[in-house]
């Protein structure tokens, strides 16, 4: 079977919402929503191998540490394992006073009774009721009309009131989800929710949560936002309900749908860390939270150690986080492209510690979420001078002059092409050494003596010549400064084009780095590098580095 030439013969476009006066497009999100993690329930039920009690407790503690205040822990009536985990949390004192446990149940009395029993002794709890309301579920799955579906929800809501009254020591909050809300007629979803809220007698001081799931993502995010805005406008007792979002990622836009839903008036978000969940997953709470953070809004969740959180999630879920996953993937703060690296390097150079973050290509400062800058720039065959220069400067304190960056980047590119792999900072540093600092043929500096004579510098150098066998030579020269004097004593014509120097490190362990660009015998300009404790020695080493590289190049050209 192949894809259809005319998919409209099999698939229908989701209808748009008649909301010409929609206001959400002009809104911005200015505060964090209430966060509810469904990792231990929705996320866990989607795993090939569900978590055991040890992993669940580890995950629970991670969610608490991050700052999630409402955590859906299980479906207690589904299994003894789920029931026991709720009891472990309550009896083991694992629920902080500022955190609320949430559990889920279907609309059957035996399941509801078992669910409330699991929560006995809890200080406060959210009990979450759901039943599917969309036309396809009514027709295909349940064979119920609208009245029947509404009756199921209302009867279950009454049972919630009954069983909650039997445990008055617990502070209860009720939640209702018209499952498949985004595929349900809006008027009918409102009708069912109004009826449930009426049974629960919601008030501003005892709010009911109305969770509006995109159980399966069936439309573009703007349509979901229209549905949420319409619902917020039309639901009864709006001041007594919290509108909660529960999006999935079937079309790849779960985060966008959630953000637009918040703009449309929602108060709360249910989802999973890094987007685990059925099929393509629930909305990723981390991405939504850090999207807020990078817009200057405190998400009230702490991902200062995002890699530590990822480690727990990966080990508990036994699913690796994709290397391109927003904010947390191994490669999301990494630039291989030369132009990107150059922009990032310049951004870091100009970034003020207490200023607005404006580093190109990095929407968040990696340090804010516990990431180092070491992996921001990595070098492969697509990289340019900026990335190479950045790595040498950050890791080794070596600041290459601009024109030398261009020359050395070509050296690095030849090596990455040869290897077919990326190069680490250590490998790049080693290549710099072999190409420049170890360029000692045909002349290697052995020693030098510098003195002032009548306002001029006089230099005498001893070099080891590796031309026709190894011999030591002595050259003398005078000039206005040490380098000019050395050039005057060389046996070949040399023109210095550029010279730079800087310190590496500080204090007694500091060294001097010297960079020289020169032209030998009128040929093309080449660069040399010298590093030494003494700045004069470093500059002489740099000159011999460039001289040798040029002469070797000329010899190869003539061969």
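Quick reminder: no glycine exception, Cβ is built from N, Cα and C everywhere.
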Among 42, 52, 498 - the residue Swiss-Prot places in the same Mg(2+) site as 246, 248, 282:
42
Specify the count of other C-beta atoms within 10 Å of the C-beta of residue 42 (Mg(2+) binding site).
23
Is it possible to get the count of other C-beta atoms within 10 angstroms of the C-beta of residue 282 (Mg(2+) binding site)?
29
Neighbour tally for residue 246 (Mg(2+) binding site), based on other Cβ positions within 10 Å of its Cβ:
27
For the region 'Regulatory domain' (439-559), the number of residues DSSP places in helix, strand and coil:
35 helix, 58 strand, 28 coil
Quick one: which residues besides 42, 246, 248, 282 have a Cβ within 8 Å of the Mg(2+) site's Cβ centroid, in sequence order?
38, 213, 215, 247, 254, 270, 271, 272, 277, 278, 281, 283
Report, as a single number, how many Cβ atoms besides its own are within 10 Å of the Cβ of residue 248 (Mg(2+) binding site).
25
